[in-house]
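Working notes, structure below.
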Ligand SMILES: Nc1ncnc2c1ncn2[C@@H]1O[C@H](COP(=O)(O)OP(=O)(O)OP(=O)(O)O)[C@@H](O)[C@H]1O
């Protein structure tokens with residue numbers, strides 16, 4: 001039997017801490033198990049290190065493993081490790097006092113607030129050993145240090161004001177903690193509960209965790225291992241485990257670095273983008289670890305939001321296990337991790353675009369929206385992201401694409417800018433009026449099918465010193481010599497009268513009607529007085545009920561038969577001229593991708609048909 005019971009008071013801060021721990025309803029209190037397992041793993045890590053470097057240790061052949069035993073009848077949970085153990089002095093020092101001044105301050109702040117229910121904070125702060133009192137109303141700890149002449153001690157407390165230390169019976173090296181569970185925590189004396197919690201938080205702890213005789217953590221922490229020692233099958237199995245996936249990943253990136261920050265990362269790009277299939281917004285899927293212990297599952301802050309499709313893990317020794325979500329948000333360390341890993345991943349993608357073009361194409365087809373979202377919003381990585389963008393163009397085949405760098409590489413000698421045009425489809429763009437002048441000059445034009453493309457181009461303005469210019473820009477200036485007016489074109493005087501007349505007919509729908517210098521085959525084109533039509537298209541998309549596209553600039557082709565006939569009809573005071581002018585204008589709006597109220601048009605088209613059929 002043990003003798004010499006010594007009762008000791010907890011340090012003030014610990015009393016405050018325990019008071020909060022005991023009297024609060026903490027929703028994620030199961031993390032106590034993570035804290036205790038990680039203490040046990042730390043103790044064994046220290047033992048291993050001592051064994052390698054220091055003096056002889058007690059029970060040197062004892063296997064390093066963590067045993068957890070549940071007892072549903074006595075409602076106890078016992079956690080045993082074969083780690084470094086504690087001497088009596090260490091017990092007093094480590095478990096009765098808090099040395100760290102930051103922690104002291106934090107606890108003071110918490111108890112000053114008086115809000116004992118504000119426990120999310122404390123849970124995230126990580127209360128280590130004391131978290132045991134979230135679930136237990138009595139904790140008994142048996143421990144024996146690794147030092148050869150050490151004795152065994154029993155520490156016990158109800159977590160209220162004091163604890164006792166008693167000399168214990170002869171134990172083998174390590175620590176055994178018995179948690180006498182509170183009634184509302186009896187669940188933790190059930191094997192299934194304990195197994196579930198361990199799988200969630202401690203799957204990759206580097207020592208075996210054995211629950212009631214059965215090993216629970218069977219998955220290796222691959223990300224810590226050397227790449228050469230891992231097979232493709234192992235990587236794929238690991239991916240399936242952490243991503244809850246059934247197929248294999250499209251890409252994987254495994255890297256470790258020590259500078260500028262210690263980091264081990266294993267990232268996967270899944271085979272499919274579920275957002276594409278209308279599954280709603282993808283949740284982030286990268287878990288944050290510190291030395292293989294889970295800090296935050298599916299962390300929303302460790303990578304930018306536009307990388308939410310990635311699955312995997314990031315592990316940094318530099319992270320404190322107890323980092324709270326609040327501190328994490330503005331932790332310089334997290335910002336650094338985020339930046340380093342994001343840049344590394346973008347560099348990886350850039351490399352894949354050249355080394356594995358087919359696979360990259362598949363990636364681009366499925367995940368391009370995320371890259372674009374990043375290019376639109378993430379100023380920190382915009383440059384790297386824009387480099388990855390791919391577009392169809394007037395020089396590519398359907399389904400093939402070109403990057404901005406490739407585009408520049410094959411620009412015409414006299415060409416000074418990068419040109420792009422927006423439209424819903426390739427056919428739509430190619431049958432429209434905007435390409436005509438570029439075809440004529442032999443300039444390649446990028447096709448942007450999504451409004452976000454135009455937004456990105458508008459936001460970056462230029463790439464590698466070349467301006468990005470929308471082909472429907474109203475003041476488009478292709479720089480070099482204007483083409484002579486065709487001999488077949490209406491004389492300038494007449495065109496002047498005609499444009500004035502059209503302006504009168506269309507009224508406030510146009511700000512200006514003028515002769516075009518860009519048209520070859522089309523009779524007319526609308527341009528935006530704001531620069532490009534994409535702004536108007538976007539406003540229409542956002543405001544679906546509105547058919548009001550705002551006023552446009554209308555340019556007409558003075559050589560086109562239709563325009564010449566329109567002029568003739570106008571001069572003959574044919575009432576049909578007005579109808580024709582309105583239809584020409586609306587046809588041009590449709591070609592610009594603007595949505596027109598179809599009701600008025602149907603009536604007009606019927607009139608036109610009637611007339612055409614005689
Ligand atoms: N199983 C154990 N074996 C040996 N020493 C332990 C064990 N559990 C706790 N200790 C000692 O008690 C100290 C306090 O533990 P506690 O969990 O409160 O804080 P920590 O482990 O230092 O930090 P944290 O858990 O917040 O990361 C530890 O630093 C360690 O020295």
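The backbone N, Cα and C atoms fix where each Cβ goes, and this holds for glycine too.
Residues or ranges marked as region 'A' by TrEMBL: 1-325. What TrEMBL records for 28-185 is domain 'Histidine kinase/HSP90-like ATPase'. Taken from TrEMBL, the feature ATP binding site covers 35, 39, 81, 86, 94, 101-102, 124-129, 175, 325. What TrEMBL lists as region 'C' is 538-614.
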Using a 10 Å radius on the Cβ of residue 129 (ATP binding site), the other Cβ atoms enclosed count 16
CB neighbours within 10 A of residue 94 (ATP binding site), counting all protein chains shown, number 15
If you count the other CB atoms within 10 A of the CB of residue 35 (ATP binding site), including all protein chains displayed, you should get 22
Residue 81 (ATP binding site), Cβ-centred 10 Å count of other Cβ atoms over all protein chains shown, is 28
Taking DSSP H, G, I as helix and E, B as strand, the region 'C' (538-614) contains 47 helix, 5 strand, 25 coil
